Amino acid sequence: MESPFKGPNQIFKDKDPFKEEYTPEEILERDDIIEEYAASLQDVLDGFGPPNVFIYGQTGVGKTATTTKMMEYLNAEAGAQNQSLTVINVNCNKRTSTYQVISHVANKLHPSREIKQGTHPDTIWSVIYSEIDRIGGDVILILDEIDKLGEDEQLLYEFPRSRSMGELENAEVGIIGISNNFKFRENLSGRVKSTLCEKEIQFSPYDATELQTILNYYADLTFKPDVLSSDVIPLCAAYTAQDTGDARMALDLLETAGDIARHENSELVDEEHVRLARSEVDRANTRDIITERLTTQMQLTLMATTFLVLDEGTDTKIKHIYSLYKNLCEKIGTDTLSESRIRDHISTLEMFGLIESSEKNLGRRGGRTFIYSLVDEPRIVLDTFREDAQLEAGFPASTDQLLSQYEESSKSGFQSELDL
Ligand SMILES: Nc1ncnc2c1ncn2[C@@H]1O[C@H](COP(=O)(O)OP(=O)(O)OP(=O)(O)O)[C@@H](O)[C@H]1O
């Protein structure tokens, strides 16, 4: 058999900067934010103790990268001034409760103690406090994806108050919470909000010009010289700015365009590669949101909406979505939520960019109603649900037939418009 691999790579010189764990040398296009961030952290260097800061903004807008860079600078300055500063970083995506976070922090502070699963929380807290007091100085706990802690506020209440509650004598603690969930802040209890959100920094989405600067920087690190045709970066930036303004998505698009060109043994990456990459990235993003971000109940709400969209004779309004949702729950044997909870889920699906709404007049009867449609092709959404056997069990037997009919009629609808 002939080798299935392609010839020598003519496109990339390095792919590390595209990896999740890569931290760029420079943070571009965020000078104002960096200034604001530095002002919030100045207390540490001036000896007034670490602040609590809440960082928020959509996904991929540089919250984590900027925070990592700020901590590098802060550590260097604190070191130069002989100040004791300890920074502990925890991603709450993997540790979603106070218990899991404190176990992790205790293990980081005191690795030889090895906290075992089931250790009483009081024991864990006392390991943390005695270790922090032994080290002394300022301690900053960074909680990335802090919203994953949900309603478990114990850590957020207790940790920033540890000094005033007499748990610490030689040290003081501040929390930097990072979140892309806008609802999280609103849902915090007053007592936690007032401390955690003492200082807030909002990261806005990038515009096309900012994305171009970021993409040019990464392109220099990752592509061989002169392989990108001149419209590739502006196109990647324009597509992403119109959509989310998310730098991760723009980088993903650029890398995928390069992958496609490499797969074709092409010597250049061009506009067509970016177009192909765009539909690949869209498909992958939709899949990621559905599988990683939605609860089962949200998935069922989206599934009901998708089947209604396929059933072209029925309006996709909440009442109909809810009724189909209840049938699906029954079919796959899960709890059924109230209509108002499903309304909330529909708002969340809109926030994730999976569905969109339009207002419809109800004609002579008067009044208006909202009609929902899918942002992506139904096939992409259903293909994702098919990967989950429990959800697939809810599919009607006629799914494939409905899907083909829908796709046929969308195609013929397009042709008849062209005939005009
Ligand atoms: N201003 C920037 N300069 C250089 N690189 C950037 C910038 N903004 C984002 N990036 C890069 O884009 C990617 C996504 O950024 P980052 O992880 O910081 O986003 P985030 O806002 O923390 O997203 P999430 O909420 O999903 O965690 C990373 O590879 C990061 O290095």
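Here the Cβ of each residue, glycine as well, is placed from N, Cα and C on the backbone.
Take the ATP site that TrEMBL assigns to Val61, Gly62, Lys63, Thr64, Ala65: the candidate from Tyr129, Tyr157, Tyr206, Tyr217 listed for it is Tyr206. Long-range Cβ contacts of Val61 (ATP binding site) within its own chain (separation 6+, distance under 8 Å): Phe203, Ser204, Pro205, Tyr206, Gly245, Asp246, Ala247. Cβ environment of Thr64 (ATP binding site): Asp144, Ile178 lie under 8 Å away, each six or more residues apart in the same chain.
Those residues of the chain, other than Val61, Gly62, Lys63, Thr64, Ala65, Tyr206, with a C-beta within 8 angstroms of the mean position of the ATP site C-beta atoms are Arg30, Gly57, Gly60, Thr66, Phe203, Ala247.
In this model, the domain 'Cdc6 C-terminal' (302-385) carries an average pLDDT of 89. In sequence order, Thr23, Pro24, Ile27 are the residues near Ala65 (ATP binding site), counting only same-chain partners six or more apart with C-beta under 8 A.
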